[in-house]
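As recorded in Swiss-Prot, the features of this protein are as follows:
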BINDING   Ala17, Phe18, Ser19, Gly20, Gly21, Leu22, Asp23, Thr24, Ser25, Ala43, Gly129, Thr131, Asp136, Asp194  ATP binding site
BINDING   Tyr99, Asn135, Arg139, Ser192, Thr201, Glu203, Glu280  L-citrulline binding site
BINDING   Thr131, Asn135, Asp136  L-aspartate binding site
Amino acid sequence: MTTILKHLPVGQRIGIAFSGGLDTSAALLWMRQKGAVPYAYTANLGQPDEEDYDAIPRRAMEYGAENARLIDCRKQLVAEGIAAIQCGAFHNTTGGLTYFNTTPLGRAVTGTMLVAAMKEDGVNIWGDGSTYKGNDIERFYRYGLLTNAELQIYKPWLDTDFIDELGGRHEMSEFMIACGFDYKMSVEKAYSTDSNMLGATHEAKDLEYLNSSVKIVNPIMGVKFWDESVKIPAEEVTVRFEQGHPVALNGKTFSDDVEMMLEANRIGGRHGLGMSDQIENRIIEAKSRGIYEAPGMALLHIAYERLLTGIHNEDTIEQYHAHGRQLGRLLYQGRWFDSQALMLRDSLQRWVASQITGEVTLELRRGNDYSILNTVSENLTYKPERLTMEKGDSVFSPDDRIGQLTMRNLDITDTREKLFGYAKTGLLSSSAASGVPQMENLENKGQ
């Protein structure tokens with residue numbers, strides 16, 4: 001059976017991921033007029049720029065949907081976001097600033113939950129607004145087929161008939177008006193925005209040019225921290241984790257993870273925390289550029305990693321970072337539920353996150369400028385008395401350290417011999433300007 005349909009399947013049910021914007025509105029109306037039977041599915045992901053979710057399915061019915069459903073995905077989205085924090089599943093960083101994979105997390109949830117809802121309605125053909133140059137077309141393809149093995153894909157934006165008739169936003173707007181809908185195009189921004197309650201992505205148009213900076217962006221989850229006229233007073237905030245799970249902010253305990261994330265967004269957003277500018281590698285190996293917001297994710301991530309470094313040993317922390325980066329790439333590629341990702345997630349959540357219990361106090365200032373004021377945990381292996389510079393009882397003596405250093409002589413001797421070997425083969429210079437300026441002299445002395 002053909003998985004991807006190049007032309008509209010007339011007379012068949014088609015599920016469309018319906019946002020209520022111009023593109024999906026025009027596509028739904030066009031499909032209905034051409035003889036398909038469209039079903040509209042809207043994901044409530046807690047998008048910060050969406051004012052009225054209930055109105056979206058109503059509009060879909062007006063445009064010809066056979067049925068329209070609003071699927072609440074917020075709880076699952078936050079659960080996956082917390083899992084990503086527990087695992088450090090983030091691989092794109094620039095200058096220490098992290099992209100928290102908020103769009104890939106949203107696609108993992110949307111791609112599974114919407115297709116599951118379609119399957120309940122007997123809808124086995126799915127369309128969405130992703131373009132052939134982006135990451136989402138592959139993410140949705142993978143998640144959709146994982147959820148429904150019988151799924152077929154129809155995307156109007158891959159159909160030459162649709163493109164020939166309604167290939168641009170102006171044409172789509174004129175089409176809607178001609179069909180009796182007073183649809184006015186929104187004012188064109190200098191970039192495109194996609195969001196969910198974990199974060200916002202700003203990209204394309206002017207942001208494709210690297211001489212356009214964050215300063216052209218109007219944040220939807222935070223503030224223009226780069227604008228000195230914007231007053232942002234410093235603020236202290238405490239974050240508490242129990243067994244890897246964020247449970248309290250500023251002493252207030254949350255039983256609802258969605259409400260906790262919304263509050264974390266409000267706190268971090270007041271300062272512009274978690275905003276970053278990234279050049280990344282898309283799934284198809286081409287580079288793209290995005291400016292991201294994720295105030296709540298950033299706040300929780302900072303506190304989580306502070307506890308992590310105080311609780312776990314060096315090798316565990318190294319594995320957390322290495323496996324987290326690997327898992328972040330899998331998430332980015334639309335493989336969040338693949339076996340290799342589940343294996344990494346289980347290991348990191350079981351052996352790392354389970355021990356992360358404690359409270360971190362931070363002072364937030366402007367943007368990503370913050371200080372850690374206090375760290376408290378019953379699981380801390382950081383114990384200042386072990387390495388205090390003050391006189392007192394010690395867990396080891398000067399003689400113990402002398403013995404430990406003496407044992408290092410073996411590998412120091414081996415390293416010296418390797419350096420001589422590198423010099424003899426020309427891989428390493430023995431001149432005074434090299435990294436080991438005394439090597440030639442030592443060799444002459446027979447040492």
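Cβ coordinates come from backbone N, Cα and C, glycine included.
Checked against Ala17 (ATP binding site) by C-alpha proximity, the binding-site residues Asn135, Glu203, Glu280 yield Asn135 as the nearest.
When the alpha carbons of Ser19 (ATP binding site) and Ser192 (L-citrulline binding site) are compared, the span between them is 14 angstrom.
Counting only residues at least six positions away in the same chain, the Cβ atoms of Thr103, Pro104, Arg282, Ile283, Tyr332, Gln333, Gly334 sit under 8 Å from the Cβ of Asn135 (L-citrulline binding site).
Excluding Thr131, Asn135, Asp136, which define the L-aspartate site, the same chain contributes Ser130, Tyr132, Lys133, Gly134, Ile137, Glu138, Arg139, Phe140 within 8 Å (Cβ to the Cβ centroid), listed in sequence order.
Long-range C-beta contacts of Gly21 (ATP binding site), restricted to its own chain and to partners at least six residues apart, with a cutoff below 8 Å, comprise Gly129. It is Ser25 that, of the binding-site residues Ser25, Thr131, Ser192, Thr201, has its Cβ surrounded by the most other Cβ atoms within 10 Å. In the three-state DSSP scheme, Tyr99 (L-citrulline binding site) is classed as coil. A gap of 13 Å separates the Cα atoms of Ser192 (L-citrulline binding site) and Thr131 (L-aspartate binding site). Sequence-distant neighbours of Glu203 (L-citrulline binding site) (same chain, 6+ apart, CB under 8 A from its CB) are Tyr191, Ser192, Asp194, Ser288, Arg289, Gly290, Ile291.
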